[in-house]
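Data first, discussion second: the structure below is written as structure tokens.
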Amino acid sequence: MSWHPQYRSSKFRHVYGKAASKEKCYDCVPITRNVHDNHFCAVNPHFIAVVTECAGGGAFLVIPIHQTGKLDPHYPKICGHKGNVLDIKWNPFNDFVIASCSEDTTVKIWDIPKHLLTRNITSPKKELLGHVRRVGLIEWHPTANNILFSSGYDYKIMIWNLDTKEAVISNPVKILDAHKDVVLSMSFNTDGSLLATACRDRKIRLIDPRAGTVLQVASYKSHRVNKVLFLGNMKKLFSTGTSRWNNRQIALWDQNDLSVPLLEEDLDGSSGLLFPFYDSDTHMLYVVGKGDGNIRYYEISPDKPYLNYLMEYRSHLPQKGIGMMPKRGLEVSACEIFRFYKLIPTKSLIEPISMIVPRRSESYQEDIYPLTTGAQPALTAQEWLNGVNKGPVLVSLRPGSGAVNSLPQFLEPEPLMKTTDLRQHQGRGGRMPLEDMQKPSEIEDSRKQLKVEEKLPKNEQMRLSNGFDIFECPPPKTENELLQMFYRQQEEIRRLRELVNQRDVQIKQLELELRNLCMDTGSY
């Protein structure tokens, strides 16, 4: 008989949660009072979106991720829905596209501008019309581009292909009509070939979304399921719900056998919902309680006991909803492995909470940052609909290892002409007028300037506006900051004028050189 030690070795045993300081929180945000059981918050490396309270229809806010502090009460909203917004999700492959669904039975796709919002956005990029009752859930496909799933109170799940030019899409490519009640949760496996759902009829269903067939059903009576989650490539499902005695409960299931759970555990007697989040890179599972301030986290192992409790982050401020930053937006220099954005409606506050592995070294920790899901789709929409399966495109989080932004591709700027050498003109009889000549030092300076501009990445060129990064520099909030911004813009205008003057001189030089060459060929 082999002896197993009671302790287990893990690099994540001492992970702790760290709440952001007040300056790095988002204050005065009118968070929705809707009682729908959703996250109400969506985050990507550029923006944080949160469903807000508004009169006459539904709206949500999109705030640049670095624009912390107090929010302007007149900050522009995205407000094209006629009913309350129930769910919002960012496109995983384009950080400037977000989907929203509402009680008005529609799903809308929005383009978020790269510059700061100056007015309300009321016209969506696309509108999806198919549900006959309110739409409560939306999910983007994890590997195929422009495939969106929506679930409504008409008990139907609809699959939409957004790779069309139509602004209004009325016909989904597939309708899954396998549920007899409202779908409470949807989750994909790693390559998006399987869909797990939790329904109000207390059953978990495993569905092949393209064929529309139900592969397995879990109808375990002692576990009333609310949320279900695929655990990456572990071939397991995790669910949260309530027991027969109305205790909050978690359960672990074998993907290939949903008759009985592998593990079942009661947590407490609170009534709030439990939101599960899984990090497939670290195999860590986070369970966030709605209505309390706690975040429990576990480590998943392929063998018994499967679920290993690590720690619990506690706070006296209850959360109504929660957002999660994708891995490519984390601060790897601080050994941050997960980041939540906690909605606290009692204080109109959004508080970031970082989960950190304590390490002394400030260098990149490769063992806690394996290759992770990037911002590039593995498939087109049509390829996935035709039956192709592919896992996500993986990228490294090591600084400087390559772009992991999901910015749209733009055309490269035209190549800049090289500056001619003045010594060639001096050797040709001095045909260039003195007023058009430029000092050699100025030429070198302009060359350096042009080289710097050519080396800028495309996404950096696109994000620069008036000489500063709109995502790194939020709008000024005090008179002193406004003056600094004014002087900075004046300096930028002066530099741009000098650059224009230098290029005018270079153009004249090139014209004179062409004229000289023509005269030389004519003399022969």
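The backbone N, Cα and C atoms fix where each Cβ goes, and this holds for glycine too.
Summarising the annotation, TrEMBL assigns domain 'DUF1899' to 5-69. Residues or ranges marked as repeat 'WD' by TrEMBL: 78-112, 128-170, 176-217. Under the heading region 'Disordered', TrEMBL lists 424-445. If you look up TrEMBL, you'll see 433-445 marked as compositional bias 'Basic and acidic residues'.
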Checklist outcome for this item: Grouping DSSP H, G, I as helix and E, B as strand, the residues of the repeat 'WD' (128-170) number 0 helix, 22 strand, 21 coil
Next on the checklist: DSSP on the repeat 'WD' (78-112): how many residues come out helix, how many strand, how many coil?
Outcome noted: 0 helix, 22 strand, 13 coil
Checklist outcome for this item: Model confidence for the repeat 'WD' (128-170), as mean pLDDT, reads 95
Checklist outcome for this item: Across the repeat 'WD' (176-217), DSSP yields 0 helix, 22 strand, 20 coil
